[in-house]
Structures are given as structure tokens and as C-alpha cells.
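> This is the feature table in TrEMBL:
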type     : residues : note
TRANSMEM : A:12-35  : transmembrane segment
DOMAIN   : A:15-71  : domain 'V-ATPase proteolipid subunit C-like'
TRANSMEM : A:47-71  : transmembrane segment
SITE     : A:E59    : site 'Reversibly protonated during proton transport'
Amino acid sequence: MEITLGLAALKLVGYGLATFGPGLGIGIACYGCCMATARQPELQGRLFTNFIIGAALAEALGLIGFVLAFIV
Amino acid sequence: MEITLGLAALKLVGYGLATFGPGLGIGIACYGCCMATARQPELQGRLFTNFIIGAALAEALGLIGFVLAFIV
Amino acid sequence: MEITLGLAALKLVGYGLATFGPGLGIGIACYGCCMATARQPELQGRLFTNFIIGAALAEALGLIGFVLAFIV
Amino acid sequence: MEITLGLAALKLVGYGLATFGPGLGIGIACYGCCMATARQPELQGRLFTNFIIGAALAEALGLIGFVLAFIV
Amino acid sequence: MEITLGLAALKLVGYGLATFGPGLGIGIACYGCCMATARQPELQGRLFTNFIIGAALAEALGLIGFVLAFIV
């Protein structure tokens with residue numbers, strides 16, 4: 001007798017949870033970047049840099065979850 | 001005797017969780033883009049660029065979840 | 001002897017989760033579009049374009065979940 | 001010997017989750033439409049159009065969950 | 001008789017939960033940095049330093065979850 005639970009699909013559940021924070025965070029960062037650019041147009045380059053750094057840091061957490069699905 | 005639990009449907013649960021953050025984040029980014037455009041109409045091109053970049057980064061996290069459903 | 005757990009209904013749970021973010025995100029995007037249009041009526045075309053793009057990106061994540069229910 | 005667990009009720013759980021986001025999103029969109037109309041009464045037609053489109057996009061996600069309950 | 005539960009995938013679920021706060025926190029930090037820079041442009045260097053420190057502290061929590069997946 002052998003009982004096998006194929007729980008590989010749980011990986012996708014894990015990835016799904018992993019995208020929650022980053023996806024929401026990128027949206028909030030983008031929102032702040034747009035609003036700040038509208039208030040101080042001459043700073044658009046600097047604000048965009050800030051936004052990209054923040055979005056990249058958050059995106060990295062999501063992409064690591066994608067990589068982790070193959071390692072674990 | 002063999003017991004098999006077909007939990008492939010869990011993949012869809014995982015994908016569902018994966019769309020939460022991005023879907024909400026895109027909405028917030030769009031909200032910020034619209035409000036900022038209304039405040040500084042002459043910056044609409046720049047603001048739209050910011051919005052598209054942020055939305056694309058968030059959307060990518062959701063679409064990766066779709067791809068992952070077939071790989072895992 | 002064979003034990004089968006029909007968990008196909010989990011697909012609908014997954015789809016339900018998949019509509020959470022996009023549904024909420026579309027609402028927030030629509031909210032921003034309306035408020036921005038009220039502030040700068042002459043930009044209504046541009047703002048509507050932004051809103052539709054954001055809503056379409058979010059809606060796509062939800063509809064992919066519908067398609068996924070038949071594939072997985 | 002065959003053991004069948006009727007978990008059809010999970011469908012209703014799934015549909016319930018599916019109404020969460022859209023229901024909330026439509027409310028937010030309606031809120032924005034009302035506030036914007038109050039600020040710029042002469043734009044009421046345009047704002048109502050924006051609201052209906054956004055609400056329809058979100059409503060569609062919820063109704064698909066209703067249809068899915070019979071298909072899955 | 002042998003019961004095998006392949007619960008390694010639970011690691012990814014844990015990692016997914018671990019990114020929730022950091023991803024969201026980085027986005028909020030980025031939002032605050034952009035808005036503050038727009039209000040006081042001459043403080044952009046200092047504000048950026050604050051943002052990077054805050055984002056790095058949050059990011060670390062997510063990355064520790066990644067490392068933990070291999071240790072546990």
C-alpha cells in the first residue's frame with residue numbers, strides 16, 4: 001500500500017503568495033512616483049530613479065519566488 | 001492499493017493568489033497616473049511612461065504565475 | 001480499491017481568488033479616472049485612455065484565471 | 001470499495017471569494033463617480049460613462065464565477 | 001504500508017508569506033521618498049539615503065526567507 005500526495009501544485013500557491021506584496025508594492029511606488037512628478041516636474045529624473053530602485057527591490061522578491069519553485 | 005489525490009486544481013488556487021497583488025497594484029498605479037495627469041497635464045507623456053513601466057513590472061508577476069501553472 | 005477525491009471545485013475557489021485583485025484594482029482605477037476627469041475636464045480623453053489600459057491589464061489577469069480553469 | 005467525498009459545496013465558497021473583489025471594486029468606482037459628479041456637475045454624463053465601463057469590467061469577473069459553478 | 005507526504009513545497013508557501021510584508025513595505029517606503037523629495041527637492045540626497053536604508057532592511061527579511069528554504 002502506498003499513499004502519494006502530489007503536492008507539487010503547492011509550489012504555485014507559494015508563488016502566488018510571493019507575488020502579493022511585490023505586486024501591490026510596485027503599484028504603490030508607481031502611484032507615489034506619478035504624484036510626486038506632477039508636484040515637482042523638474043525632479044522627474046530623480047523621482048523616476050527612486051521609483052525604479054524601489055520597484056526593482058520589490059520585483060526581485062517576486063522573481064526569487066519563481067526561481068525557488070524550481071529549486072525546492 | 002493506491003490512493004491518489006488529484007490536487008492539480010491547487011494550481012488554479014495558486015494562480016488566483018498570484019493575481020491579487022498585481023491586479024490591485026495596477027489599479028493603484030493607474031489611479032496615480034490619472035490623478036497626476038490631471039494635476040500637471042503637460043507631463044502626461046512622462047506620467048504615462050511611469051505608469052506603463054510600473055504596470056508592466058506588476059503584470060509580469062501575474063503572467064509568470066500563468067506560465068508556472070504549466071511548468072510545475 | 002481506489003479512493004478519489006473530486007476536488008475540481010477547488011478550481012472555482014482558485015478563480016474566486018483570481019478575481020479579488022483585478023476586481024478591486026479596476027474599481028480603484030475607475031475611481032481615479034473619475035476624480036481626475038472632474039479636476040481637469042479638458043483631459044477626459046487622455047484620462048479615459050489611461051484608465052482603459054490599466055483596467056484591461058488588470059482584467060486580463062482575471063480572465064486568464066477563467067481560461068486556466070479549463071486547461072489545468 | 002470506492003470513497004467519494006462530495007465537495008461540491010466548495011463551488012459556493014469559490015463563488016463567494018469571486019464576488020469579494022468585484023463587489024468592493026464596483027463600490028469604490030461608484031464612490032469616485034459620485035464624488036466627481038458633485039465636484040463637476042456638468043460632466044455627469046462623461047463620469048457616468050466611465051463608471052459604467054469600470055463597473056461592467058469588474059462585474060464581468062463576478063458573473064464568470066457564477067457561470068463557472070455550473071461548468072466545473 | 002508507506003505514507004509519503006511531499007511537503008517540501010510548503011517551503012515555497014512559507015517564502016511566499018515572507019515576501020508579503022517586505023514587498024508592500026518597500027513600495028510604501030518608495031512612495032514616501034518620492035512624495036517627500038517633491039516637497040523638499042533640496043533634501044533629495046538625504047531622503048534617498050533614508051529610503052534605501054528602509055528598503056534594504058525590509059528586503060533583508062524577504063531574502064532571509066529565501067536562505068531559510070535551503071536550511072530548514
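For all residues, glycine too, the Cβ spot is worked out from N, Cα and C.
Note that TrEMBL annotation is computational and uncurated.
Help me see these features in their spatial surroundings.
Here the transmembrane segment (A:12-35) has Cβ contacts under 8 Å with residues 47-48, 50-51, 54-55, 58-59, 61-62, 64-66, 68-69 of the same chain, all six or more residues outside its ends.
Remote same-chain partners of the transmembrane segment (A:47-71), defined as residues 6 or more beyond its termini with a Cβ less than 8 Å from a stretch Cβ, comprise 11-12, 14-15, 18-19, 21-23, 25-26, 29-30, 32-33, 36-37, 40.
If you draw a 10 Å sphere around the CB of A:E59 (site 'Reversibly protonated during proton transport'), it holds 22 other CB atoms from the protein chains shown. Mapped onto three states, the DSSP output places A:E59 (site 'Reversibly protonated during proton transport') in helix.
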> Provide the three-state DSSP residue tally for the domain 'V-ATPase proteolipid subunit C-like' (A:15-71): helix first, then strand, then coil.
56 helix, 0 strand, 1 coil
